[in-house]
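Novice: Structure below; questions to follow.
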Amino acid sequence: MSLQMLIKPEKLAFSIYRQFPKFKPRQFEEARRGDLERDFLFLLKKCISVNQLRQIQAQMLLHSVEKPNFLIPKAVELGDFNYSSFLFSVTEEPNHYSFNYMIRGLTNTWNDHEAALSLYRRMKFSGLKPDKFTYNFVFIACAKLEEIGVGRSVHSSLFKVGLERDVHINHSLIMMYAKCGQVGYARKLFDEITERDTVSWNSMISGYSEAGYAKDAMDLFRKMEEEGFEPDERTLVSMLGACSHLGDLRTGRLLEEMAITKKIGLSTFLGSKLISMYGKCGDLDSARRVFNQMIKKDRVAWTAMITVYSQNGKSSEAFKLFFEMEKTGVSPDAGTLSTVLSACGSVGALELGKQIETHASELSLQHNIYVATGLVDMYGKCGRVEEALRVFEAMPVKNEATWNAMITAYAHQGHAKEALLLFDRMSVPPSDITFIGVLSACVHAGLVHQGCRYFHEMSSMFGLVPKIEHYTNIIDLLSRAGMLDEAWEFMERFPGKPDEIMLAAILGACHKRKDVAIREKAMRMLMEMKEAKNAGNYVISSNVLADMKMWDESAKMRALMRDRGVVKTPGCSWIEIEGELMEFLAGSDYLQCGREDSGSLFDLLVEEMKRERYEFGYIHL
């Protein structure tokens, strides 16, 4: 006797209808037709939550319908990693459909790309042959991990199954090779596509943009238009990334106008890219305008605007927007929290940083590698090395940025020995950023020989090419040690053109050491730099000339500063009062501090100082 004869469809429909009140009776009339498996497939199509899916699974078990391959795609579609993994683990023989959905979920939804590749290998080991859908997501995973070796191996297997000419797979291959730094090969694949569509152009333009080949992306975009292809949202998003890289505000504005002309809606994806582009180009007003125009603002849009404020030194605005985001009910993710922590570190907002750590714990994000690295960086910049070390040691996984943050925290707080010991412990290959922290530690501690040794080890042991920041550190190290001749010789060895920061280190030492010959050469070089915008260098040079009783030359240096439009950046301080960050600028009035009562508070403080008989000069805030 069949299962269908034992259990009436009406009874099954009524049982599930009680738990699916949103399903209409008419839909169950349709569900009564056919066998039970078809009934369950019908219900799975209508399922809109994990809770409903669990109820369907319970009914399937109750009616002895063992079809876990039915459930896995819907669980992945609903985005529940734990439930999807459970269903997959209890499935004795997952089919193509289940493997493909799990690999897609791991790649696109859960960003566990290593697990996606592992599942691909398991699929092959089980005897199932990957198809074009499998390969697409495998190449995406390789791109995200920059696993060029695995990608090439999988690419070679396409020829065995006759998929080497599949257009959709080639699009994924272009992205993978570009992401892995093989831009030339990506372009070769693109040129071999005989019938290109918009997706083909987007793949190559996006590949160029993400790999940092912004000019090539621009050139290909123009060629795309010349050949009559209409750009879509993805095209504009990739081009906005290229504009950000080049700082090309004019083209960025034209792209926004193009989106309006072609009636490409301001989605959160496009809007967020516009915000980031305007932020990278320094146009904060336009970034905020786009943000305000967005009807639907998701977490990505909020984070993009907060990042713009943080990266442009507007920490107070970043904090305000973060609190506003939470009030609207949008929950922050690891990217949001790490951005806010960066803003906290830049202004020394320690108490707010502590609140963010508590908030991260509430969201179970305290061990997220980006959040934890942000905490290490924030505590280090706020002078709390012990707290930075606490977070660092508790991290289950550390990447290069984590080690760099802790080394830099030690270096900037004068703990050179600890910084160098930590560098020796480093379990991942160091980068040029790592050596900036290491050399900075040597500068703070006056470790001349060690600093020079680390500088040479960059290239001899680690194959890294020293950049201007590394040369500047060594010049600063030698200058502070009074080795001005050596510092000057070292600067002359720099393969590029010395900048004003290098000269600042030498001029500062000359001012203290009274080295006339070198300071004259340094000042002459500074005056020849038409692009020099560091006000401190002009002030130091003017003071040096004044010390030499060269009053006319000192005045000329100040005049040169004015002629070049160099303005001395006003002193700026921040203070946290009752959870509010107040900003004070030298020369500003009271109301710019963000509190109307700040002026009266300051007056009371002055009166209190008078009563305590403190001596002070004229103060103007």
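Just so you know, glycine gets a Cβ as well, placed from its N, Cα and C.
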Novice: Please identify the range among 99-130, 451-482, 579-610 that Swiss-Prot labels region 'Type E(+) motif'.
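Specialist: The listed stretch tagged region 'Type E(+) motif' in Swiss-Prot is 579-610.
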Novice: Would you list the DSSP helix, strand and coil counts for the residues of the repeat 'PPR 11' (431-461)?
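Specialist: DSSP classes over the repeat 'PPR 11' (431-461) add up to 27 helix, 0 strand, 4 coil.
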Novice: Grab the pLDDT values for the repeat 'PPR 10' (399-429) and give me their mean, rounded.
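Specialist: Across the residues of the repeat 'PPR 10' (399-429) the model's pLDDT averages 96 on the 0 to 100 scale.
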Novice: Counting only residues 6+ away from its ends, which parts of the chain sit with a Cβ under 8 Å from the repeat 'PPR 9' (368-398)?
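Specialist: Distant contacts of the repeat 'PPR 9' (368-398): 334-335, 337-339, 341-342, 344-346, 348-350, 353, 356-357, 360, 405-406, 408-410, 412-413, 415, 427-428.
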Novice: Residues of the same chain, at least six outside the repeat 'PPR 8' (333-367), with any C-beta under 8 angstroms of its C-beta?
Specialist: 299, 302-303, 306-307, 309-310, 313, 315-316, 318-319, 322, 325, 373-375, 377-384, 391, 394-396, 574, 576, 579, 581, 583
Novice: Please give the sequence-distant neighbours of the repeat 'PPR 6' (267-297): residues at least 6 beyond its ends with Cβ less than 8 Å from one of its Cβ atoms.
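Specialist: Same-chain residues near the repeat 'PPR 6' (267-297) but 6 or more away: 233, 236-237, 240-241, 243-245, 247-249, 252-253, 256, 259, 303-305, 307-309, 311-312, 314, 328, 330.
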Novice: Treating G and I as helix alongside H, and B as strand alongside E, what does DSSP give for the repeat 'PPR 10' (399-429) in helix, strand and coil?
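Specialist: Reading the DSSP string over the repeat 'PPR 10' (399-429) gives 23 helix, 0 strand, 8 coil.
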